[in-house]
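So that you can see what the record holds, here are the features copied from Swiss-Prot:
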ACT_SITE  150  active site
BINDING   75, 100, 127, 150  S-adenosyl-L-methionine binding site
BINDING   154, 186, 223, 224, 225, 226  substrate binding site
């Protein structure tokens, strides 16, 4: 999942990262490549031109990108893509944008989207902060979904967590009024931090009331991170905020 860096010296790649001759300078996340299968590598070659969006650092007209006018949903840090693929299968009236730096997960989702014949999904293999700041117009998104971001469970690492005040303010800017932000975590203290940050962010109101949570929505499939957490005895918190 997406892992933002603070200014505390966490190591990043010092030079551009190249995958299938597409160069990207990694700036603001920890790159975790994992095991990259031949099938996932082939997916980049075969399906990236169909579903992939290369970062150019310029604001985009999302209706032009998708070739139609439809509600736009962004998932930040889609992991292996299970939730995004499920949503695209079951809610085809939406256009979906996914952002993920974990290359094997991107490759797996590319294969799945091709298998499904999906038409209205676009993927970034890049840093979410850069994409949001430089390529997404303010107010362009109807919904943002962030499922099971890295909890950085050690207290000294909490400042590396994705959900921080500046990032929350960025999300508010990109959501249209009337849109919503949906987050899920299986770490109690991260849920507390999410409430602390989001309740203090102008432009967001918790749909379930102060420090409230909602049942798992129909649009979110259970992820492997959720199953892992449940096996460890963790609860899952679903937080849903409206953009006002």
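Cβ from N, Cα, C; glycine included.
Where Swiss-Prot records a feature, it is marked here on the structure.
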residue: 75; record: S-adenosyl-L-methionine binding site; DSSP (3 states): strand
residue: 100; record: S-adenosyl-L-methionine binding site; DSSP (3 states): coil
residue: 127; record: S-adenosyl-L-methionine binding site; DSSP (3 states): coil
residue: 150; record: active site; DSSP (3 states): coil
residue: 186; record: substrate binding site; DSSP (3 states): coil
residue: 223; record: substrate binding site; DSSP (3 states): coil
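For the pair residue 224 (substrate binding site) and residue 150 (active site), the Cα-Cα distance reads 13 Å. In this structure the C-alpha atoms belonging to residue 100 (S-adenosyl-L-methionine binding site) and residue 226 (substrate binding site) are separated by 18 Å.
With residue 150 (active site) as the anchor, the candidate binding-site residues are 75, 127, 186, and the one with the nearest CA is 186. Rounded to a whole number, the C-alpha distance linking residue 154 (substrate binding site) with residue 127 (S-adenosyl-L-methionine binding site) is 23 angstrom. Around residue 226 (substrate binding site), the same-chain residues at least 6 positions away in sequence with a Cβ under 8 Å from its Cβ are 148, 184, 186, 236.
Counting in whole angstrom, residue 127 (S-adenosyl-L-methionine binding site) lies 22 from residue 223 (substrate binding site) by their C-alpha atoms.
Residues 75, 100, 127, 150, recorded as contacting S-adenosyl-L-methionine, have a largest CA-CA distance of 15 Å. With the fewest other C-beta atoms within 10 Å around its C-beta, 150 stands out among the recorded positions 100, 150. Just so you know, of the binding-site residues 127, 154, the Cβ with the fewest other Cβ atoms around it within 10 Å is the one at 154. Cβ crowding, taken as the number of other Cβ atoms within 10 Å, peaks at 75 among the binding-site residues 75, 186. The CA atom of residue 223 (substrate binding site) is located 14 Å away from the CA atom of residue 75 (S-adenosyl-L-methionine binding site).
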